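Now, the feature entries from TrEMBL:
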| type | residues | note |
| --- | --- | --- |
| BINDING | C:D29, C:G30, C:H31, C:S32, C:F33, C:H34, C:S75, C:D76 | GTP binding site |
| BINDING | C:D29, C:D76 | Mg(2+) 2 binding site |
| BINDING | C:D29, C:G30, C:D76 | Mg(2+) 1 binding site |
| DOMAIN | C:6-135 | domain 'tRNAHis guanylyltransferase catalytic' |
| DOMAIN | C:139-241 | domain 'Thg1 C-terminal' |
There are 4 protein chains.
Amino acid sequence: MAGSKYAYVRNFELPDPLLPGTFLVCRLDGHSFHRFSDEHGFSKPNDERALRVMDAAAQSVMEEYKDILLSFGESDEFSFLLRKSTQLYNRRHAKILTTLTSYFTSCYVFHWPKHFPDTPLRYPPSFDGRIVQYPSAREVRDYFAWRQVDTHINNLYNTTFWALVQQGGQSTTQAHATLKGTFSKQKHEILFSRFGINYNALPEQFKKGSVLVREIVQGKRDKKDSSRDTMAISLVHCDIIGDAFWDARPHLLVE
Amino acid sequence: MAGSKYAYVRNFELPDPLLPGTFLVCRLDGHSFHRFSDEHGFSKPNDERALRVMDAAAQSVMEEYKDILLSFGESDEFSFLLRKSTQLYNRRHAKILTTLTSYFTSCYVFHWPKHFPDTPLRYPPSFDGRIVQYPSAREVRDYFAWRQVDTHINNLYNTTFWALVQQGGQSTTQAHATLKGTFSKQKHEILFSRFGINYNALPEQFKKGSVLVREIVQGKRDKKDSSRDTMAISLVHCDIIGDAFWDARPHLLVE
Amino acid sequence: MAGSKYAYVRNFELPDPLLPGTFLVCRLDGHSFHRFSDEHGFSKPNDERALRVMDAAAQSVMEEYKDILLSFGESDEFSFLLRKSTQLYNRRHAKILTTLTSYFTSCYVFHWPKHFPDTPLRYPPSFDGRIVQYPSAREVRDYFAWRQVDTHINNLYNTTFWALVQQGGQSTTQAHATLKGTFSKQKHEILFSRFGINYNALPEQFKKGSVLVREIVQGKRDKKDSSRDTMAISLVHCDIIGDAFWDARPHLLVE
Amino acid sequence: MAGSKYAYVRNFELPDPLLPGTFLVCRLDGHSFHRFSDEHGFSKPNDERALRVMDAAAQSVMEEYKDILLSFGESDEFSFLLRKSTQLYNRRHAKILTTLTSYFTSCYVFHWPKHFPDTPLRYPPSFDGRIVQYPSAREVRDYFAWRQVDTHINNLYNTTFWALVQQGGQSTTQAHATLKGTFSKQKHEILFSRFGINYNALPEQFKKGSVLVREIVQGKRDKKDSSRDTMAISLVHCDIIGDAFWDARPHLLVE
């Protein structure tokens with residue numbers, strides 16, 4: 001073949017298998033979303049439309065890739081858990097990583113108009129991604145706990161910060177100064193005493209992030225493979241730090 | 001901090017630097033574009049609109065990432081050459097790979113309506129990506145030669161194949177059988193004798209693929225850094241196998 | 001410093017951490033030991049002196065590297081298990097791998113004269129090594145089972161093979177032909193009926209390989225750290241496929 | 001086969017090819033040689049016997065591995081250059097790295113008694129190793145320059161330091177203090193004015209390290225392959241920073 005004298009360049013493509021027997025977590029992060037949220041007029045501290053686009057993109061990814069059992073999103077990031085035994089693309093690192101990142105990005109842009117009917121995209125958003133291998137269920141649970149604790153901390157901060165700015169008339173510099181060194185309890189108090197906001201009564205979506213979980217539909221068999229349960233993806237905004245969520249869904253960490 | 005007991009999970013994120021002093025080539029490939037092209041009614045053997053969306057996405061990527069000096073596209077794939085000395089994202093593998101893949105994908109979906117005004121996207125397309133490290137200029141040249149030879153082979157095949165089907169009334173199975181084992185010369189003859197098509201007269205875009213190259217604009221200095229030349233991206237459809245292209249642009253492979 | 005203009009070459013030394021939370025198994029294999037055993041007159045099928053040098057080298061390695069909890073040797077290979085939580089050399093791959101390989105090799109040559117007092121080394125032997133990461137205890141157990149099954153298969157074959165040659169007067173080619181396609185049971189029969197050898201009565205050392213295990217010495221505290229048990233290395237030739245060995249030593253796989 | 005139910009553990013052995021088209025440098029370093037040199041009564045600042053054992057081990061390694069074209073040693077370290085096109089062990093990282101490290105170590109222990117006839121080894125020495133990939137000849141030259149500059153700096157320091165201690169009657173603490181912050185010129189002066197030592201007249205072996213180079217033997221063809229030159233390994237103690245050494249041996253960096 002005419003191309004054969006050049007085909008040796010393929011030898012520089014090195015194999016990159018991920019370690020078998022490990023849970024894979026793929027985390028995507030918005031690239032320069034501070035600017036992106038400004039340019040597209042996102043509400044502060046939380047923009048429901050923006051969160052819904054993220055959730056919709058993640059849902060599409062899970063519908064396409066059955067080995068993703070769970071995903072968790074907050075702000076401009078989303079983490080996907082692939083089952084320990086997944087053989088997706090023979091566990092090739094770059095292949096899995098780029099396919100998930102690309103498809104999520106594509107879905108984000110594709111779903112955008114539905115959730116932002118009056119705000120056309122001004123430029124194309126992008127996401128970076130990484131895959132982390134976790135050897136055991138304990139580490140997977142701690143990973144998701146880590147992200148949800150982060151959600152909580154960020155949301156409490158941002159909620160108080162924007163209350164100070166939007167309702168309290170502080171500049172953003174002043175608001176940062178007001179919050180510097182404060183503990184959770186003090187932020188709760190600022191919200192309540194100054195602005196009459198009961199943080200605990202705010203929507204779970206903001207405080208807990210978005211959990212998309214593949215649930216077993218009891219009593220139904222899979223259409224294609226009757227030895228399997230039917231699975232369905234649920235979107236919930238619940239605690240994933242404690243045991244309850246995981247105890248109710250042992251299939252997430254078994255294999 | 002409340003999250004600190006979980007923060008250990010970050011230790012599982014391993015460093016992944018690419019080797020310094022190597023040229024980086026990032027190649028993106030459409031995922032299941034056979035189906036995608038069917039569903040969106042792409043003309044065969046080449047759809048100019050589809051090629052223009054690819055070119056537009058690649059152009060946007062090069063505008064955003066200045067260390068990409070050259071890119072080459074054909075069909076549903078595009079390859080990007082990063083300068084040998086690039087320090088983009090400290091040469092972190094996953095970061096570079098996912099950012100380029102994601103941004104290209106995003107641009108593809110973003111630019112789609114301009115090029116397919118009457119064909120809305122039916123579902124989100126995606127791309128996989130890989131990065132290959134090349135130690136020397138020779139290998140970089142051979143890489144791009146390899147891709148352009150591939151373009152030539154595929155286009156000649158597809159052009160003849162679809163002539164047999166669309167004009168010759170053959171089924172796709174028959175057309176494959178007709179072409180089995182034929183050499184280039186025979187395909188040229190089929191095209192010319194049966195269908196009056198002079199392959200050499202077909203558009204260069206189809207035969208050579210798309211070359212996006214960062215050119216030095218003579219006599220102009222960069223606005224931000226007067227020690228540098230102004231650069232501009234050109235889209236051409238020319239030979240990149242021979243020496244002429246490269247001899248005229250020594251800056252592509254120097255560093 | 002005078003060297004600083006060249007020091008950039010260190011940037012090509014890339015980090016290579018092993019994944020945290022995984023058991024590490026380092027396996028060493030003799031390089032061209034077929035020739036080495038011939039040149040040094042090893043007895044066939046097993047040479048006790050040669051096995052004792054291997055065991056002695058492995059014992060020295062375990063005395064030096066406390067995070068090795070278990071090792072298993074047969075013929076010219078030895079496998080070492082490092083505890084899951086080991087922080088040896090910050091889990092740097094090449095550092096751990098080369099240090100263990102080098103020290104084992106050094107000990108082998110160093111201990112040689114003690115076990116081969118009448119056979120000086122004719123040339124320097126060498127070993128290659130590799131590290132494999134195992135996410136869970138199950139895989140570690142199966143790894144060692146895999147090696148011990150290999151010991152059994154090889155030893156039964158070699159015992160029968162050399163009986164045919166040494167006592168049966170067959171050439172090596174004939175002996176290979178005699179054994180081709182035979183099952184274990186048939187080899188047992190050949191040994192017993194033709195040569196009066198009861199395979200099961202042969203030394204455990206040959207049939208089971210060498211197990212060096214770090215045992216807890218009950219009732220004694222570590223001299224340096226009184227919160228720890230005193231540990232001691234035992235050499236045994238026992239089954240490590242079944243549960244008994246592991247159930248009696250839960251400390252091997254806990255952490 | 002009986003072992004097959006366990007053989008899946010081999011799937012955890014991941015491929016580790018080095019990048020084609022790169023020069024490979026393997027550097028070995030003595031492990032805890034400060035203690036080792038004390039325990040074995042090495043002369044200070046340089047022990048010729050100890051250097052000769054290192055050189056002998058490196059020579060043996062080069063005799064065994066023909067793709068090593070050059071090596072450079074100083075003190076307790078040695079660096080080996082493998083030709084860019086080497087296919088040794090299919091360029092598998094761990095295989096090359098451990099085999100060279102192991103064989104060097106073995107040779108060191110094996111050759112020891114010849115060079116230290118009156119000093120038996122008290123315990124087994126060991127070495128760690130690493131492989132670095134260099135894309136171009138420039139970096140290879142700078143690598144070896146970096147090591148030889150290091151030799152020079154260390155040797156000047158050590159020579160002056162031990163003169164202060166051995167002839168000047170200073171304690172080691174005092175000698176360190178005396179040398180703190182001094183430049184080369186000042187160390188030369190201390191040596192000359194206080195101890196009558198002309199540093200430049202000291203043996204090249206100490207100032208330049210050991211260079212083992214595979215030379216082309218002019219006018220002779222290889223016995224096995226008459227299309228090749230006969231090669232021979234030379235031990236020299238010369239400058240490898242400047243151009244002369246390399247210009248005289250273009251075969252080292254060509255391929």
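Including glycine, each Cβ sits where the backbone N, Cα and C put it.
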_Entry from the binding-site residues list C:H31, C:H34 having the most other CB atoms no farther than 10 A_ = C:H31
*Tell me, how many other CB atoms lie within 10 A of the CB of C:S75 (GTP binding site), whichever protein chain they belong to?*
21
*Name, in the order they occur in the sequence, the residues of the same chain whose CB lies under 8 A from the CB of C:D76 (GTP binding site) and which sit 6 or more residues away.*
C:D29, C:G30, C:F33, C:F36, C:S37, C:A50, C:M54, C:F127
*Counting every protein chain present, what is the number of Cβ atoms, excluding its own, within 10 Å of the Cβ of C:D29 (GTP binding site)?*
17
*asked:* Within the domain 'tRNAHis guanylyltransferase catalytic' (C:6-135), what mean pLDDT does the predicted structure show?
replied: 98
*In three-state DSSP terms, the structure that C:G30 (GTP binding site) belongs to*: strand
*Return the binding-site residues from the list C:D29, C:F33, C:H34 for which some CB of chain D is under 8 Å from the residue's own CB; sequence order; 'none' if the set is empty.*
none
_Count of other CB atoms lying within 10 Å of the CB belonging to C:G30 (GTP binding site)_ = 21
*In the domain 'Thg1 C-terminal' (C:139-241), how many residues does DSSP put in helix, strand and coil?*
57 helix, 20 strand, 26 coil
*DSSP on C:S75 (GTP binding site), three-state: which is it?*
coil
*Given the binding-site residues C:S32, C:F33, and counting only Cβ atoms in the protein chains shown, which has the most within 10 Å of its Cβ?*
C:F33
*asked:* Quick check: which same-chain residues outside C:D29, C:G30, C:D76 lie with their CB within 8 A of the centre of the Mg(2+) 1 site CB atoms?
replied: C:L28, C:H31, C:F33, C:S75, C:E77, C:F127, C:D128
